[in-house]
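Per TrEMBL, the features are as follows:
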type	residues	note
BINDING	R26, Q27, A28, G29, R30, D75, Y161, S216, H332	substrate binding site
DOMAIN	21-30	domain 'Uroporphyrinogen decarboxylase (URO-D)'
DOMAIN	149-165	domain 'Uroporphyrinogen decarboxylase (URO-D)'
SITE	D75	site 'Transition state stabilizer'
Amino acid sequence: MTETRKPLLATLLGEATWPPPVWLMRQAGRFLPEFRALREKAGFLTRCMTPDMAVDITLQPVRRFGMDGAILFSDILILPWAMGQSLDFVAGRGPVLEPVRSLADMERLDPGRVAQAVQPVMETLKRLRAIVDGPEPIGPAQPGQVTLIGFAGAPFTVACYMVEGHGSREFEETRRLAYTDPEFFNRLIDLLTTSTADMLCAQIEAGAEAVMLFDSWSGLLPPSQFRQHVIEPARRITEIINTRHPGVPVIGFPRLAGIMAVEYGQRTGVNALALDTGADMKTLAEKLPATLVLQGNLDPIRVLAGGEGMRQEARAIRDAMKGRPHVFNLGHGVIPTTPPEHVGDLIKTIRAV
Ligand code: CP3
């Protein structure tokens, strides 16, 4: 008997499966009433750091819709928090951190604390892996079908929040410091590169079957800095993962990179390139090696809007990628006000071939 591989994992390793596997960025989150109910009970960091809750939240969307992937419920800012930077999630404002803006500020961070501090996250992954590989179906997902995805923020995006101290449209202070104090900024990127690689390897050791690197703000950088602070760190992180855990696929998401996504796909060594809403996947596909898996990229607002328009566009993206390894996903996270029925309808549409 030949062993049937999990569809998402097989695709991330280069197989062109049909219909494509599907999961959604930010699928574990506020658009689900069962997530909002837990939110009343505990703060965000508590939810991330309590394995019972994090396991439950990770599986909520899979139980409802049977996605091919379950993405760990956590956050990209857990890494700076684990190094000792103060972090708070303030309702209506998002994350608030004590800014790190100099070598002296950086000295106060301790990467040696990370492994211990993220222990609950590893426990969550361990339990999740036992569940996804267990004998029970998870909602409509059959046993042995769901791939467990770990993740981290990419160094540049995490540096944006660490330096700025909060979300921003432009991250001006971060980008200014990259020019005026390159010694500090390069060392911060370096520290994040090694600690992110270590954390992703720990996630793999705990049970993650694939990992994703979110570079949500990479598109803010000009090409020279994009090469230095986005491509080079992603290349180093992928190389470390490939060395320590050969065969575990890495997904890179250089959001808003435009044409620089091509160079990212060619030079980082990632197995899969996640594309944002603005990317013309077909045009980019022609410029990229046929072995590079593409992931994306339906407009999250299309899912908020729903209906026949959503179904048509979802099919168009799926069909345009037929014949090459493609993971269906959105171009960015699910919008919190999205009606859950629209997500159910989307998953069904992708699978109806
Ligand atoms: O379902 C999933 O995708 C898994 C969990 C996940 C979260 N954040 C949970 C979360 C993932 C993969 C992330 C990644 C993340 N976090 C990114 C990169 C992806 C992206 O969206 O660009 C970034 C930039 C962050 C930082 C962050 N975390 C912000 C800016 C915020 C506040 C704004 C927002 O989107 O809510 C968070 C909080 C956060 N992370 C929530 C969730 C479910 C909301 C917390 C709550 O209010 O309950």
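Numbers here mean position along the shown chain, with the first residue as 1.
Note that Cβ sites are derived from N, Cα and C of the backbone, with glycine treated the same way.
Distribution of TrEMBL features across the structure.
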residue : record                             : contacts (Cβ under 8 Å, 6+ apart)
R26     : substrate binding site             : H332, G333, V334
A28     : substrate binding site             : F35, I57, T58, Q60, P61, I71, F73
R30     : substrate binding site             : R36, R39, P336
D75     : site 'Transition state stabilizer' : F44, C48, P95
Y161    : substrate binding site             : I76, L77, P80, P95, L97, G153, G167
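If you compare every pair of Cα atoms in R26, Q27, A28, G29, R30, D75, Y161, S216, H332, the residues listed for substrate, the longest distance is 22 angstrom. According to its DSSP assignment, R26 (substrate binding site) is coil. Annotation note: D75 (site 'Transition state stabilizer') sits in a coil segment as assigned by DSSP. Of all Cβ atoms in the shown protein chains, 23 besides its own fall within 10 Å of the Cβ of H332 (substrate binding site).
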